[in-house]
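A.B. asks: First the structure, then my questions, so here it is.
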Amino acid sequence: SPHQSNVTSSGAIIVAIISLEAFAGMWINAFIVCVLCIGWVRKKTLNSNEKILLLLGCSRISYLCFAWVYNFLYLLYPNYLEVLNIHQLLTLFETLFNYSNLCVSACLCVFYCIKIANFRNSFFNYLKVKIDRMVPWLLLLSGVSAFAMGIVTYDLTETMQSNNITVTCLGNPWDASKRMEKHFIISFFLVGSGYISSFLAVIFSAVLLLFSLWRHKCKMQTNSMKDLSMDAHIRAMKSILSFLVMYSINFICSVLKIIYVMMNESIIIDLIYVYLYAFPGVHSLILIFSNPKLEKALLKILSCVKCE
């Protein structure tokens with residue numbers, strides 16, 4: 001029918017856009033992972049910043065891969081999602097790696113804040129000394145939290161599907177909807193609290209680093225001198241503020257996605273996915289140009305390509 005052909009054509013356009021964004025994001029993050037792994041092999045060690053960037057790159061590659069497969073099937077071949085719990089499994093892995101991406105990104109902002117900001121506070125100075133030892137535990141906590149969010153999402157998806165079957169077979173929509181509403185509120189609270197906690201970590205890191213930069217700038221103007229700490233502040237602030245803007249939009253889009261999934265507004269969901277797919281690649285580009293090692297490697301590759 002004409003309606004089905006329009007849906008198919010619009011789905012194909014959305015798939016083309018998100019495919020371009022997903023593969024571009026995977027290549028960008030694969031570049032980060034390759035550069036860090038090559039440096040790891042040569043130096044036999046990774047510093048804390050590189051550990052966070054390596055896990056962040058791997059999380060984003062995995063997220064874009066599973067999310068692209070899910071949306072490709074959802075938009076063009078929805079019947080395949082009902083085979084052998086493929087829908088639940090893809091949702092599990094997409095949520096796991098997406099939440100890991102957001103948590104590790106928040107860890108990176110906190111790491112920049114503690115390493116670069118200057119405050120005359122005993123607890124803050126203690127964190128500055130211990131942060132390198134804390135990074136592996138923060139990354140482990142991020143992984144455990146991401147896995148928990150994936151399990152919650154998997155359970156929610158399975159409950160929604162089983163309730164649809166119950167309503168269809170038994171014809172008892174009132175009890176099913178009440179159970180679904182209660183289960184959804186609990187799941188939404190758990191997932192939302194995870195997103196909000198990582199979002200607040202990014203906000204506090206940006207505010208503290210901005211305040212530290214302002215104090216440091218006033219001090220340097222008073223003493224009529226400059227130092228390398230100012231440059232480090234400014235580089236970190238450019239990275240964190242750009243990420244804060246993108247993270248805020250990403251947070252709003254994630255909340256809207258959940259709302260419009262409930263309302264079954266597929267067109268709005270598709271538009272939201274266009275931004276969500278662009279986020280990992282664009283932010284990774286910002287990280288590359290704010291990291292001298294990654295920027296040098298990228299410029300070296302570009303110069304070799306240009307010469308050829």
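Heads up, the Cβ atoms here are built off N, Cα and C, so glycines get one too.
Note that TrEMBL annotation is computational and uncurated.
Feature annotation from TrEMBL assigns transmembrane segment to 12-41, 53-76, 96-114, 135-154, 184-211, 240-260, 272-290.
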A.B. asks: Which stretch, 12-41, 96-114, 272-290, tops the Cβ pairs under 8 Å count with the transmembrane segment (184-211)?
C.D. replies: 96-114
A.B. asks: Using a cut-off of under 8 Å between C-beta atoms, tell me which stretch among 96-114, 240-260, 272-290 contacts the transmembrane segment (53-76) the most.
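C.D. replies: Between the stretches 96-114, 240-260, 272-290, 96-114 has the largest tally.
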A.B. asks: Applying the under-8 angstroms CB criterion, which one of 96-114, 240-260, 272-290 scores highest with the transmembrane segment (12-41)?
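C.D. replies: The listed stretch sharing the most Cβ pairs with the transmembrane segment (12-41) is 272-290.
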A.B. asks: Same chain, outside the transmembrane segment (272-290) by at least 6, Cβ under 8 Å from its Cβ: which residues?
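C.D. replies: Non-local partners: 14, 17-18, 21-22, 24-25, 28-29, 31-32, 53, 56-57, 60, 63-64, 67-68, 71, 101, 105, 235-236, 238-239, 242-243, 246, 249-250, 253-254, 256-257, 260, 298.
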